[in-house]
Amino acid sequence: MELMFAEWEDGERFSFEDSDRFEEDSLCSFISEAESLCQNWRGWRKQSAGPNSPTGGGGGGGSGGTRTRDGLVIPLVELSAKQVAFHIPFEVVEKVYPPVPEQLQLRIAFWSFPENEEDIRLYSCLANGSADEFQRGDQLFRMRAVKDPLQIGFHLSATVVPPQMVPPKGAYNVAVMFDRCRVTSCSCTCGAGAKWCTHVVALCLFRIHNASAVCLRAPVSESLSRLQRDQLQKFAQYLISELPQQILPTAQRLLDELLSSQSTAINTVCGAPDPTAGPSASDQSTWYLDESTLTDNIKKTLHKFCGPSPVVFSDVNSMYLSSTEPPAAAEWACLLRPLRGREPEGVWNLLSIVREMFKRRDSNAAPLLEILTDQCLTYEQITGWWYSVRTSASHSSASGHTGRSNGQSEVAAHACASMCDEMVTLWRLAVLDPALSPQRRRELCAQLRQWQLKVIENVKRGQHKKTLERLFPGFRPAVEACYFNWEEAYPLPGVTYSGTDRKLALCWARALPARPGASRSGGLEESRPRPLPTEPAVRPKEPGAKRKGLGEGISSQRGPRRLSAEGGDKALHKMGPSGGKAKVLGGTGSGGKSSAGSGSKRRLSSEDSSLEPDLAEMSLDDSSLALGAEASTFGGFPESPPPCPSSVGSRGPSTFLPEPPDTYEEDAGVYFSEGPEPPTASADHPGLLPGEVCTRDDLPSTDDSGSGLHKTKEAAPAVGEEDDDYQAYYLNAQDGAGGEEEKAEGGTGEEHDLFAGLKPLEQESRMEVLFACAEALHAHGYSNEASRLTVELAQDLLANPPDLKVEPPPAKGKKNKVSTSRQTWVATNTLTKAAFLLTVLSERPEHHSLAFRVGMFALELQRPPASTKALEVKLAYQESEVAALLKKIPRGPSEMSTIRCRAEELREGTLCDYRPVLPLMLASFIFDVLCAPVVSLTGSRPPSRNWTNEMPGDEELGFEAAVAALGMKTTVSEAEHPLLCEGTRREKGDLALALMITYKDDQAKLKKILDKLLDRESQTHKPQTLSSFYSSSRPATANQRSPSKHGAPSAPGALQPLTSSSAGPAQPGNVAGAGPGPTEGFTEKNVPESSPHSPCEGLPPEAALTPRPEGKVPSRLALGSRGGYNGRGWGSPGRPKKKHTGMASIDSSAPETTSDSSPTLSRRPLRGGWAPTSWGRGQDSDSISSSSSDSLGSSSSSGSRRASASGGARAKTVDVGRCYKGRRPESHAPHVPNQPSEAAAHFYFELAKTVLIKAGGNSSTSIFTHPSSSGGHQGPHRNLHLCAFEIGLYALGLHNFVSPNWLSRTYSSHVSWITGQAMEIGSAALTILVECWDGHLTPPEVASLADRASRARDSNMVRAAAELALSCLPHAHALNPNEIQRALVQCKEQDNLMLEKACMAVEEAAKGGGVYPEVLFEVAHQWFWLYEETAGGSSTAREGATSCSGSGMRAAGEAGRGLPEGRGAPGTEPVTVAAAAVTAAATVVPVISVGSSLYPGPGLGHGHSPGLHPYTALQPHLPCSPQYLTHPAHPAHPMPHMPRPAVFPVPSSAYPQGVHPAFLGAQYPYSVTPPSLAATAVSFPVPSMAPITVHPYHTEPGLPLPTSVALSSVHPASTFPAIQGASLPALTTQPSPLVSGGFPPPEEETHSQPVNPHSLHHLHAAYRVGMLALEMLGRRAHNDHPNNFSRSPPYTDDVKWLLGLAAKLGVNYVHQFCVGAAKGVLSPFVLQEIVMETLQRLNPIHAHNHLRAPAFHQLVQRCQQAYMQYIHHRLIHLTPADYDDFVNAIRSARSAFCLTPMGMMQFNDILQNLKRSKQTKELWQRVSLEITTFSP
């Protein structure tokens, strides 16, 4: 992880190459744009370069000249010349020791050239924007292009001839001037824009590496001094004649001035300039900074940054084809990006150059920073962004954590704010330079104030709120650091500036008299105005350079050889052009205004107060990583005198309270208690470098020093008095109250207002001041001093840890929620300090142990959630930085034992007692130390790994500790702290990824990792996966009340928002007396009538009959029943589902606990569609399998017992916590900890893709694929691939959980990803899906996947695909016909048993409506095919299919066999008696299947008493396994009531126990009820039951009312009265005689060979499904479809085939078919064909009897009605072309009407109507002709 601290190690200083490049956009855009010549100052340091700067004490070595050759000792003269050359201006040497020998002059000049090529690289890169010129220069140097180098004194020149050019044309003359190991100017004739061109670089490199090859000469003035007068004249004349054109005019002008009688300057000043003699003593030795080019390049960079730019994405897939990230993830990335990736890259590289210059003590640091700052502030967009981000909601807790970041502009704004904060941080370090003079510090203070005002002024021109100005930290942290005096705070002899002896550069200028025009700082480097870049690089010395005297002796001539210091010309000349600095610095004088009226405090206006207490925190810059050197972020709320007023002591009590004062009371005492100082806020002030104290003389004078003192004293008592959020903004409440008035009276202008609350650094606590000193020393290269100080600070930090406890919130109430802003500040401050201490301490081996302790202390810091989003992200980032630093420190035995101890605590769970913020970074570090492989992914092992300190159990301990950390639950909810939850997830993801990669080959470990990561133990909302992949069974801890994806058990009695009491008014379908358990999740108001509360299995009969308004059945997708997936969910509220997906409802493995007394209503289908399975299996936060700690204290629910009692069977319960109608109040973020959320779903998807990439797979979801990075590797690692698949599936479950409309989606990139992975993985993935697709995928998605998988070559995969297809058939109503038919084909390809299961599943789904009739006819044909297969010879009676316990067929169709919805088992024909099971006493307890949904119940028009369902539902008591009634489905369309067959009981002894007669065929007698007996009532003993409504068989729809009969066990033979039109006497029939009176088998079946009972079952099933198809035809009958009256609609053949089937089964079946056909067939032609064919199949001799049979009569009537409708319909749309067809239809109609006695009369009426119609006479003539000629 790259470091971002201010004090980073040399090899790690951040430049662009290190930074995190998000989406690679910076790289792409910078490289692809042609005009970006400036390459962002990349390459300014050699990547491998160490700290070999020459500026260290003795100027480090880089040149060959410094080495001792062959062991020779360097002479003392050389050593002294070298030191003098580095430190002392040559003019001073001459002044002090007048006759300097020429040889010594040459040696000093020799050593004055810089020795380190890194400096050349740095300045070349600065000037050119990249290291390219340096590289080219290096090439020229190596190619020996530098010719004739000559050094004259301090002037170096040469000719550079690039090899490919002809010498005269391509030769460039280069000149370089230098002084004290710094190049002070350079020039070249090549005309390049930047002064540091390739040729200058080549010459400098030549001089550094081949110093001995350069010809050395003394300065020109030295040589001239040796000439005689005539020699001098000769020299001048020869010079003029050599270059007459260039020199002659200048020579004449100089002669004129010298000979003038006037007192010209040249005559009045002694001495003359010499460019080769080095600068004057008063000049600063400064590297030549090419300011104009640099400024232009900075402008270009900033312009490009501010302007709109195309967004370049490196991965099309991830950006465009995946869903957009949710707000929490987007905001996290937006806030983290400026901390990690540095943008704009160029400016950040310049800032890092400034930092490096500080370290080298290069005086260009401040000028460069000034150029940068000036340029940044000229762009209003930059200042606007900086201001808005630092005063924005994400930096205050008032945002409600709901802000959504909007893409690129938001990212740019945060990056910009981060960049500006870093600038302020660097200014703060600049003013804390220990060698800085007070005068210079005052100048900088004035400049910083000007800049702050400029920002505010820019902002005012924009649209920003003026009221937030004082919340904007801006330059305040740097301004506060100006009020500081090293001499008082931390004097270091020889380092800190002192008034008595000026140390820096040996201050030789003091030897000269002070010059009037000299710069004020008395020679201090930064204060000297810099020459403008426009000056000639090799310029004639201004007046004041070396001059040789004319005519005096040598000894006397040396003195006047330079201008005396009194000559002010030079100062004037240098000050003039560079006045830019001076004028700004002088602008505010000494900043006196700023302190006037420091008492003016203002209460924030109401709009500000809405920002809540922590706006103060806004000032924290997320990116200010200068560990404490960051902006002190706040200076302006409380008022304390900005300067240290003369009347205030150097360290007054701290009054600056960025947060409510009470929060700071412990600071000085707790943090670094030292000395008797009063409590101070320093610890919380992140930006303040500890400790600086101002003295009077280095502070700007103040206008009201008294008021400052008064304030300070007055404020101190207020600290800690009351917890009022508003105290954040003023020192105490009393001051705040009068703030407005004070402001009005005492404001002396805007600047005063802005800086009124400034808190001088010196007023911080002693330890804060010392931290500031340590940072400054480290930043400015004083590493020894910094190291000593940091040891003290580290020990103090460990001895006095900060107090981060949060007081419990007061009484309930939103406004009183506890503020954690103080703790947050303390935490971020502490981490900042810890990282700084780590950085400094780790540089020296003797401090490694202390550094390790500081790092562990920081990682173990327990903190509350941060008060703002920005701080939340920053804290997480800081932790990761500390962990990265800690990993680099070598560890000894004591450190390892500490780590083991922490790992043990993590494993045992004792480490975190209260943790909203989990110690995941600590766990990650422990895992890295104990378990990470010897060679890490980067190929290097941190020095941390010392094999001698390792112990055998370390790896296992590390693994268990890490896994335990993955399972930790946070105690905060996503709604309150979205970014904390996001950060926790990301840290868990990183840790889990490391674990999975490390243990990818160990399946047992992978299972443990996934169990914790996907939170399997808590059984809350988790997908049921890995059951087949990892064989071990999952613990069924259903009673763990963890509301979570990772929830910790909540306290008993805590009312969770998603639970509600069922004690309220019973909703329709609610069970009023079902016990005190929570009614699964909705508050009552959240249960609209539209939610299908139909009681389902498991409810007592009373519940099943609870009144419920008719017609409230919502549309198919809105229904639903179980969290997991209720098979019923799609079409009908009460359809049962297949066993293997199911709840314990009809699951034979859940015996006693799923009894009627279950208080948890665990099987009520409360909500739509199929809520995610993951939650459906008893895993909801309010899961019914909750224990007694549930929200309403329900007794230990049977759900828990069920879960544990069911052994291998999975406990699956309904999740009802979320309403799929989109009514969940917390649609985005849950208010309960550890709940699923949109952000969690997105995170887990990304994690799944990452795991897949690590496995070697390709995570692409589209055609834009990129080649896999794993070269010859064959496919992804299988175990990791499966892990990725499971994580993705879990994510999809979470996503569905929070997406109300997921069932209706048509495309999802997530789903396509999952199906793609399933195809790659093969059968293992499909097996997982068979178990748990229900909450994750929709049936069409599953069917599509199964279809794709069925084409694989692997037989296992094909088999798994068939299983998958079978698993989605119970939801056939959600599939289209092609999908269903393909699934049936897949099952058929496997074996007959699977085909049977498939057919039954489709049939069961169809009973609720929604399945196409064509599909059902296809199913019927499949049943018939099975019949033919089994009847065709191999009639093996499958015993498994006929026994209840073995349950081959039974188990397969358990959903159908469980008598759901009051019907008989699927094999039950409506005219047969439903299966009767024998109780121990052989009592007959039949199930009355009076109302099979084959005959749809009446709709709204029917006259039920409300709430009584038209069907009969009796509770069966079968001994083999408990079965439950379900509330039957309402038909999709209300229809007229249909006749129903009556049902007769059969003695149980007649059949094997629990088996339906339909299975048994002709071997057993079975009873049917012919229509003539329809009015007979049935009587038999019934156990005590609820009232039952019976609809007897009747012919006239709508006439009878159902009768409710209370059955009681007291009456052994209660009767069911049956009504047919009029009341008939009830016949009481005993069961036993009925058996003998049963009808014989149908005649078709009585051939010589006995029929296989199993094949007969298939035949019955084919008929049954065909009839269901007819019913479906009727349901869609009212559509105005062209096929309605077609002569041969598509279903004709199927209907006729069904008639043949009915005839095969017997007369009664034919009658039943007639009833169905009358309902389902609309075409009069088809109806007529059916009538005629039926008459043929029945005995034609008794045709009239048949016609009188009710069913047949109804069919004929329907046919006649259809003809009437047809004729009416055709008359409307009739054209002459249709006449023939119409006439034929009339003829057919006549034959139909002839079938009934009154038919012809009706037909004649039709003809009369036809005659009266408006049609033409021609039509009537043709019709009448046809009628007369047609004889029926």
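Keep in mind that glycine also has a Cβ here, set from the backbone N, Cα and C atoms.
SER1158 is the residue among SER1132, SER1158 that Swiss-Prot describes as phosphoserine. Swiss-Prot marks one residue of SER48, SER399, SER701, SER1686 with the annotation phosphoserine, and that residue is SER48.
SER1155 is the residue among SER590, SER595, SER819, SER1155 that Swiss-Prot labels phosphoserine. With a cut-off of 8 Å between Cβ atoms, the residues of this chain six or more beyond the zinc finger (172-208) that come close are 54, 59, 62-63, 85-90, 111-117, 119-120, 123-124, 126-128, 133-134, 136-138, 140-141, 145-146, 149, 151, 154-161, 214, 275, 278-279, 283, 285-288, 290, 293, 531, 533, 535-539. When other Cβ atoms within 10 Å of the Cβ of SER437 (phosphoserine) are tallied across all protein chains shown, the result is 23.
A mean pLDDT of 86 is what the model gives for the zinc finger (172-208). Across the zinc finger (172-208), DSSP classifies residues as 11 helix, 15 strand, 11 coil. SER437 (phosphoserine) carries neither a helix nor a strand DSSP state and counts as coil.
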